[in-house]
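Written out below as structure tokens is the structure these notes cover.
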Amino acid sequence: MTVTYTSHVATSRYLSNFLRLLIRWRGSIYKLVWMDLLLFLVLYLTLTLSYRYLMNDSVRNVFEGIVAYCSNFSTLIPLSFVLGFFVALVMGRWWAQYKAIPWPDSIALLVSSSIHGADDRARAMRRTIMRYVCLCQVIVFTMISPSVKKRFPSYNQIVEAGLLQEGEKSIIEVLDNAFPYYPKHWMPIVWAASIVNRARRESKIRDDYAVKSIIDELNSFRGWCGFLLYYDWVSVPLVYTQVVTLATYSFFLCAVMGHQWVDSEKSKSNPSINQNTIFKYCPILTVLQFFFYMGWLKVAESLINPFGEDDDDFELNWMIDRNLTVSYLIVDEMHQEHPHLIKDQYWDEVFPNELPYTDESKRPMHPQPSTHKLGHSKSTLSMDERRHVHEGIHTPSVVYHSGSRDSLFEPRDDVRSPAYSEKPARSEVVIVQPSSKSMGHETRTLPLYNHILVFVFVVFAVNLEELIDQRNRERRERMRHRYQDMRSIQRSNNSRFVLTVLPSPTEGSMARLLSEDGEEEEDLNPGSGSTGRPNKPEKKN
């Protein structure tokens, strides 16, 4: 089964948790590469000793030439590129095969909730359906996994395990003899679907929708089992695997020669180099390079078929036992069973404010959004003012009423209403000349036309409230007339119903509607208004 180590790396510490994983043997890289590394070192030392003690000068010269050639041109092999893409492909395929393994839990839940009855007939239907589902999975596993095939080498062992009956075995064998080239994993699913239809005819299933749901789940289970067979039939292209293998082993055959420590002219002229005897007989960096690249290849070799018997392969035998046990528990032992219904401890509180913590698990802070610490911007300039500062244009700031934009409104003390109350407006106008510190430039005298524009703006700002009130009154009046023109109420004789007729718009009403396009529609209640003054009641037609 896959070697898991998540509990050892759950929390990061001062010393890397991965260092503790280096001392493991099961599922480790040492277990995969130690034999290849041993052969590499034996071959390397054999060539080294032959060069040091067995070769004469002429043979040494030839050997040194081969070493120089391999050392200079071994880097032409793009080993990192080839291995990287190959391992990425194998890892993606490895995880996709695990996700393709079907689990019968959803089928068991549907069968238990849809096939009703506590008699032996209903119980046999539920158990047989789930046995057929697990039988389909076992047949597929025997075709793709050597470990499962060793456990169930023939149908006799499946019969002995209780997943198959003698009569069912004879039916499958007859079809195997008639059609020997096609797998028969779908036959138990066909039997299970027939039992579902029989349960519907016998009123064990109360509606057709439940039948459809169960059939859909059975079909989905059969489809995922077929996907496992497809992964087994269609492997990674052989040419890609051959290219990666040849590139890796060719690289290290060149490294055996190219990384030899030879007596060059430089080493002969400098005797201190020859004193490092350990580097002559133990190529440390070459061993590390072999360890990394060969380990990379062994990872792909181990994961290319996750249904084998490697340490990181999937434990399919455990899945078979688990699926059959859980299926029988759901459809038989736990069928229509649940604990007594009682009030929970938060019944009166509706929901808990916070669930309790232990001292070791309590966190000092709750999760917060990433922008919760960001306050308001330090600069109070508007976008136009910032643009003017950037372009070198100086305009005065006109602060009316209370002298600040932010202080026009303040929250009410009454917590029952989230609305804001208006502060009394002042009649004076304060003209503020921006300082050189805030503008980033020296203060300059404003032109005359700027003073005129400021004066006009101030005059209109003083009468701003009156203009707003007048605008609201005119808008309400137009809306009231438009509503009265388009609405007519008719009541027929001796009728309890009132008919509201909306006539086709006239040219005048269309002109008014087009002229008022883009305005905000307000509530037609006569008593509502932005100024708070009550209007006269309207007359009903």
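Cβ from N, Cα, C; glycine included.
Look at TrEMBL and you will find 358-380 (among others) tagged as region 'Disordered'.
Taken from TrEMBL, the feature region 'Disordered' applies to 503-541 (among others).
Cβ atoms under 8 Å from those of the transmembrane segment (32-54) belong to residues 60, 63, 252, 256-257, 259-262, 280-281, 283, 286-287, 290-291, 294-295, 298-299, 301-302 of the same chain, restricted to positions at least 6 beyond its ends. The transmembrane segment annotation in TrEMBL covers 32-54 (among others).
If you look up TrEMBL, you'll see 66-90 (among others) marked as transmembrane segment.
Sequence-distant contacts of the transmembrane segment (129-148) (same chain, six or more residues past either end, CB-CB distance under 8 Å): 102, 104, 107-108, 111, 115, 158, 163-164, 183-186, 188-189, 191-192, 195-196, 218, 221-222, 225, 228-229, 231-232, 307-309, 313, 316-317, 319-320, 323-324, 327-328, 330-331. The transmembrane segment annotation in TrEMBL covers 129-148 (among others).
Annotation comment: TrEMBL describes 238-257 (among others) as transmembrane segment. Long-range neighbours of the transmembrane segment (238-257) within the same chain, counting only residues 6 or more positions beyond its ends whose Cβ lies under 8 Å from a Cβ of the stretch, are 40, 43-44, 47, 66-67, 70, 73-74, 77-79, 82-83, 86, 89, 286, 289-290, 293-294, 297, 300, 304.
If you look up TrEMBL, you'll see 278-296 (among others) marked as transmembrane segment.
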